Every structure is written in C-alpha cells, then in structure tokens.
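Chemist: Pasting in a structure now, in structure tokens, and then I'll have a few things to ask.
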Amino acid sequence: MRVLIKNGTVVNADGQAKQDLLIESGIVRQLGNNISPQLPYEEIDATGCYVFPGGVDVHTHFNIDVGIARSCDDFFTGTRAAACGGTTTIIDHMGFGPNGCRLRHQLEVYRGYAAHKAVIDYSFHGVIQHINHAILDEIPMIVEEGLSSFKLYLTYQYKLNDDEVLQALRRLHESGALTTVHPENDAAIASKRAEFIAAGLTAPRYHALSRPLECEAEAIARMINLAQIAGNAPLYIVHLSNGLGLDYLRLARANHQPVWVETCPQYLLLDERSYDTEDGMKFILSPPLRNVREQDKLWCGISDGAIDVVATDHCTFSMAQRLQISKGDFSRCPNGLPGVENRMQLLFSSGVMTGRITPERFVELTSAMPARLFGLWPQKGLLAPGSDGDVVIIDPRQSQQIQHRHLHDNADYSPWEGFTCQGAIVRTLSRGETIFCDGTFTGKAGRGRFLRRKPFVPPVL
C-alpha cells in the first residue's frame, strides 16, 4: 500500500518544509518535491495544513482497577479516542496487581487487555508496588522483553519508602531502564486530608487544599536527591502541576543531572476554580489543579524548554461513578480526567496558534522527545525515511468547539466542554493506514502492535 501526502508543510522537531511525503508498506520512504510513486497509490491533499509525526502519549491509564472502581475506557475506546485526536502511539501505566505479585504478572494481564482491542501501537510502563529480591532480579528480564521504564509511587496504597526507592533506582539504572515517579508527600497529604474530614469539609475544593503544591514539590526535590545518591540514576517526573517543582528540576538540570519532566494540558489550561463549580467532582485528580500563577510558570517551562513532554494522564471515571462512590466526599472520589483525544489539538491551539511555541517545539513535546526518552526513536516521533508512517494532519484554518458528544472515549463528560480550539485534526494515519478522517473513525480494534522498546539512552541535555 502506498500513500502520498502532497502540498502540506512537513514538520519535525528540527525543522519544517513544504514537501510531499511518501509512505509505502507502512514506512516513510521519501520526502521531497513532486514525488511520483509507482501506481497504485492513495493521494492525500494537505494544502494549507501541517503534517506532523503522529502523537506519542506516554501517560495513559486504560482499563485500570483502582480498587473502588475500574476506569471506563478499555484499550479499544481509549486508543480509539487517541487516534481521533492525532495520537498514534501510547505507553500505558499498568495498574497495581494483587499483593505480592511479580512484575510479569501485570505485564501478562495488560498484554491480554490490549492484544485484541488496541487501535494504535502501544507499550507499557512497569509498576513497582513493592520491593524484594524477586522483584529486583526480575527487572533486567522485563527490560529485555521491551519494557524499559518503570513507575514508582510516593503516595497511594503501594507507595515506596526512601530505602525502597533507592533500591529501585539503583536496579533500574543498572538494567538500562528509566525511573518514572508520581511525586507527592503522602504523609503530609494524609495529615491535611484528616483535618478537613474531621471538620466536615469534604467538598471538591478541599481535594486541592489537602494536596498543596508543596507536597508535590517536596517529593520532587526528594526524588532528585535520591536519584543522585543512587549513582546519578535517570529520573522522569510525571504530571508536573506547579512552578516550585519546576524550579527544583531546573536546578538539577543546571547541575547536569539526568532528569526530565512532563506536564499535561489540564495543568496548563484548567485551574482550581473548577472545584467551586456545580460539577466540581469531575475535576478530582492528583496532583490537583492549581491557580493561574502556576499555569503561567508551566507555560514558561513549555516555552523555554524546561518541560520536556506533554502527556495526558488519561484516566476516565464517569460522573455516575464519581457521584455514586464519593457521595459528596472528595476523599472517596476516584481520581483522573479524560483527555487523550484532546491533547494534540489543545496544545496546538493554545501553544502554536498563540505564538507561545513553534510547530517544531510542538513536535518535540508531543512526539519526538517522548519517543527518544522511552526507546521508540526513530521508529516513532519522526517523519524520515525508515520511520513508521504515523502522521497527523492539522488544518490551522479550522476552528472547533470541543463537545463531549463528538468525542470517542467512553466517558460521559469532558473537562474541556466548550473550549474553542483554533486548528483541527483532519486526518490520522497509523503505519500509513487512515484511522481517522474528517470526524470519522475508520480504524479497527486489534490492529495496534505491541512495541518492544529499546533500553534507555539519555537524550543530550
């Protein structure tokens, strides 16, 4: 199968040019002017549009069981939504398994979840929910099987203490894996939460007040120091929500420490005032939404290169689940927001179209750097001969208002309802196959492939 994309502006992280792009058998074969491929081929006219590498979202939670509820997106509805939003690769954070389970247990469970449902290519992050000799011995074998990143939690039920974190950091570093971490100070959160509950203060706004930015920033600083103690182990901070944590990361980077950081559209575009609305429970996530000042600090990091990746942390619970389980108490509400379908459009509209970032920086944040950090480059995140034919075409002339009824996930609401975006996703191709076109999903469940990722190699800081 041959596909020729003509008349568009092809953009990679290192530059852009108005040129044609030829995909053959799912692989980019040629870029240039006036390409004349052998017949037969499909021709796509991208006049006036940007032709970007397909998005790489390295932070999703599909089919996750958090104990009190299971998220309402599985690997079909979740990857369908991703495809319709221009994302062609996801790396899903595996959920916790039974007490004492091995790493392989969760890998086998999640490969079963995705195998016949995923629309786009996928991989997983391992999750380390406890430390013992068996887990430490298992890590190199899992890396050899293509999982080269693992997540640690400093909060929630399976949080690790500092000694366990050090053991994990050392072993992951030795094994060629990147450590990712959810950084919040669990003890401080528990203390604040208990105070509010004892006082009968359980409305959504107290979720944010119980998890102040200092809880997140302290944990970031602690992880930076522990990574240094563990032999300068590489570290990736997920879902950054505040400027103080970013300051600590800037300092570490200035000291040539191998640390990277992601943020998410919700921390760039939503703020804590959402908790005081009638539907405040729909915005419960951790870390919580912050104020506009923190948004501005994050946008500075987006613009100046201090932030490396924009992912989603897509974790969908319906309003029915939230209301039934929480019964008006923020501490009982399942955490997470939908967003995998909106990431590319939101960042393009609020970043590129406002002049905050260039189209090249957009590629860096949404596909190139995620692919580099997580062992997928140059197969993903790049439009060049030999790379996968993963493409998203965005028309900057079109304006769209986000409405839940037009989205493709399995949620019953969107936190982005009513947002007007300048720029529309008009087509998504995965390995040369159109899976979304002009508002219509055309992919199929099970066509996505499991990606064996290479061991971690740090990009140049």
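Note that Cβ sites are derived from N, Cα and C of the backbone, with glycine treated the same way.
Remember, it's a predicted structure, so these values are computed and weren't measured experimentally.
In case it helps, Swiss-Prot gives these features for our protein:
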BINDING   His59, His61, Lys151, Asp313  divalent metal cation 1 binding site
MOD_RES   Lys151  N6-carboxylysine
BINDING   Lys151, His182, His239  divalent metal cation 2 binding site
BINDING   Tyr156, Ser286, Asn335  substrate binding site
Chemist: How many Å lie between the Cα of His239 (divalent metal cation 2 binding site) and the Cα of Asp313 (divalent metal cation 1 binding site)?
Modeler: 7
Chemist: Other than Tyr156, Ser286, Asn335 themselves, what residues in this chain have Cβ atoms within 8 Å of the centroid of the substrate site's Cβ atoms?
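Modeler: These residues sit around the substrate site: Thr155, His182, Glu184, Leu285, Gly336.
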Chemist: Take the C-alpha atoms of His182 (divalent metal cation 2 binding site) and Lys151 (divalent metal cation 1 binding site) and report the distance between them in angstrom, rounded.
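Modeler: Computed Cα spacing between His182 (divalent metal cation 2 binding site) and Lys151 (divalent metal cation 1 binding site) is 8 Å.
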Chemist: List the other residues in this chain whose Cβ sits within 8 Å of the Cβ centroid of the divalent metal cation 1 site residues His59, His61, Lys151, Asp313, in sequence order.
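Modeler: These residues sit around the divalent metal cation 1 site: Thr60, Asp92, His93, His125, His182, Val238, His239, Ala311, His314, Cys315.
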Chemist: If you measure from the Cα of Ser286 (substrate binding site), which of the binding-site residues His59, His61, Lys151, Asp313 is the nearest?
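Modeler: Considering only the listed binding-site residues, the nearest one is Asp313.
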Chemist: Rounded to the nearest Å, what's the C-alpha distance separating Lys151 (divalent metal cation 1 binding site) and Asn335 (substrate binding site)? Just drop the number here, would you?
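Modeler: Approximately 18 Å lies between the Cα of Lys151 (divalent metal cation 1 binding site) and that of Asn335 (substrate binding site).
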Chemist: Please list, in sequence order, the residues in the chain of Asp313 (divalent metal cation 1 binding site) that are at least six apart in sequence and whose C-beta is under 8 Å away from its C-beta.
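Modeler: Long-range Cβ contacts: His59, Thr60, His61, Val238, His239, Cys264, Gln266, Leu285, Gly336, Leu337, Gly339.
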